[in-house]
Amino acid sequence: MSPCLRRVAMALAPVWSLTAYVAGALGPLQASSDASLLKIAATCRTATPHITTFLCRLVHEFFLCFSAQVRQDFFDLLNDQHVEGNQRWSKVKERLETDPRYKAVDSSALREELFKQFMEKQAKNVDIDKERELERQARIEASLREREREVQKARSEQTKEIDREREQHKREEAIQNFKALMSDMVRCFTVSVVCVMIDWSPFSGLRIYTCSGLRLSLSFLSTPQVRSSDATWSDTRRNLRKDHRWESASLLEREEKEKLFNEHVEALAKKKKEQFRQLLDETSMKRQREFEDYIKDKYITAKADFRTLLKETKFITYRSRKLIQESDQHLKDVEKILQNDKRYLVLECVPEERRKLIMFYIEDLDRPVVGAGIGGSATAHFLRQHFGPEVQVDVFEKGEVGGRLATVTVNHNEYESGGSIIHSLNLHMQEFVKQLGLKYRRNVAGKTAVFNGEEVILEETDWYLLDLFRLWWRYGISFIRLQMWVEEIMEKFMRIYKYQAHGYAFSSVEELLDSLGGSGFINMTRRPLSDSLLELGVSQRFIDEVIAPVMRVTSISPVHSGEVLQYQLNFTSASGTGLELYDIVVLATPLQASVGSGLLFRDFEPPFDELPGSYHGTVATIVHGYLNTSFFGFPDPRLFPFASVLTTETPSLFFNSVASVCPVNISAGFRRKQPQEAGVYKVFSPRSLDKPQLKTLFRSYYSAQVTEWQAYPQYGSSQGLPPMELHPNLYYLNGIEWAGSAMEMSSVAAKNIALLAYHRWNKQTDMVDQKDLMHRIKTEL
């Protein structure tokens, strides 16, 4: 029995006979509350009035207690099912039918009514939460506004404090400027005497013997100075106004300036008094040492100034040494020009030392370069740039000037038989083109193909996308990997221009490569290129068919003059034999035995031998004739679409490439000759072509001009990289070719050696072989 039913039964105990009936009626109330109520109502009507009233009140009380419990259980059921405000009763009741708390409510209408009440209650709770949230946001905003007012107030106070400090700082600065105005204006006494002989004796005192011709000069500042303790404010103020620093002390009142002036005058008087007493207390030997140090410093400064004077004298050039050897008159003329300058006169007491300085300077003007190719020419240019125009730079060349740059003439037109391509990122070569006023030749389009001896295996078309598709179909993504690899290398290589622009140099090829790409660049020089490409993921087929065809395409002796090391060059020219002495020598020619540089090294300790390794020989043949297109599988020359043909490494092929070339100067109406016409072709081959080979490659020809080149090093024929410094002040440029052979590489090496020679000569060791240069340069910027 429920608590409510038990309570009703106890209340009906006095009316026992009726209790049993009521209890019988209320017993099944849990199963059917409506039927039980009807039964109770009927009982109430048959009972006496007093009993009826009493029973109705008890039944009403029970019903209220029971209905509140059932209602709460139904609400708990809706909460357990996570019923929310956007759900409908028809959908919700399907989930609730099996729950006893659902069945406890007999009427369907009552259930829906309770559902609506629950939903209204939920809506009210949501509104209450929103109101609470709005109240919370309002409190937050109010707190923020209050905090902002406090911050603004604090900031205002801080600004006022800063203004006060700024004013105080300006005032202190004005005081310092005014003090500096009174202190800095010092009479300057300049004595142009550097060499003094001292004879010190504690008994006889100090005797000073000066050279004849002693010159004493006094120079004064134009503005009077406050150096006397007897100066007065009224006398000095008018003169102080002439100095520009007077305006910087405008914040000070007149009384303050006068007070500062008086303090300054008192400090002067006190300082002079202390110095005078200190001078009296010091021993004579201490004064002697101070004077000797002073004279020594003045002498060093005078020699440095005299060397600057020699550099400024345009009359002294690299020809001066030869003129002095022929006659002493040139040296007298030089001294006559110099004697008008006080930097010459200050050394009047040591004329022999002064003359030695002149001769040392003239001898320093000799800088020879052996080799007149692009490397030697660039080295001479950069040496002139760093050492100045007064330095003598001699260039020795046993062959034609230009090295591997040369032209041949065909039908009154010149054609390149050597290096002819300058990349847009070759910054040194681009600068040379600009300085020499050269013009870029108009590009004439032409297609390229690769021939394996039997057929054309790769050809260029007019459609770029079709070319890419063919490359991908035949080689996969090898060409993409190669392009990304080349771009990465070029990005690192471009660092050298920043290093050289800031004046940094490297004493070896290894140091230079390490600064650009670390050990990765150095390792690339120690193994074949194909190994690096295979490791990168490039296919062997792509290497064989694309990379390989592209890739195929005096005596000196040291002389010691005292402590100065010089180099004696013996040479033979058309006018006879000659001999010259030089302080710095740069060798810009290969020193391998296979090249035959014509240089002999004598009297070197330790002995200096030729460098190991060999060079790859290449023959360039300029042919004027008709190309035999049938050799490439095109019987009709009009159907031959290619301007150049590269070949794979096939034993049966006797040439590396053949290409239709354009003249150096292309006229406005120039067009490339068609294959059926007589044109000019450049053929690269490992050996000179004989007549049968020329007749195989050409149907007929008018002329064939041959140029043999030692094109580039035979990579792998030498262990390690050649040194840049062969001997003190003896430099070797072509060692860079063992890292990469190109015009720009030679130009980079030329700039590096010019910087290296300059820093070695001036003992600037902090500019050579520095590590972490990218960080250092950023720090300098």
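The backbone N, Cα and C atoms fix where each Cβ goes, and this holds for glycine too.
Taken from TrEMBL, the feature domain 'FF' covers 67-121, 171-267, 299-364. Here TrEMBL flags 148-169 as region 'Disordered'. Marked as signal peptide by TrEMBL: 1-24.
Taking H, G and I as helix, E and B as strand and the rest as coil, DSSP gives the domain 'FF' (299-364) the counts 48 helix, 0 strand, 18 coil.
In the domain 'FF' (67-121), the DSSP tally of helix, strand and coil residues is 40 helix, 0 strand, 15 coil. The average pLDDT computed over the domain 'FF' (171-267) stands at 56.
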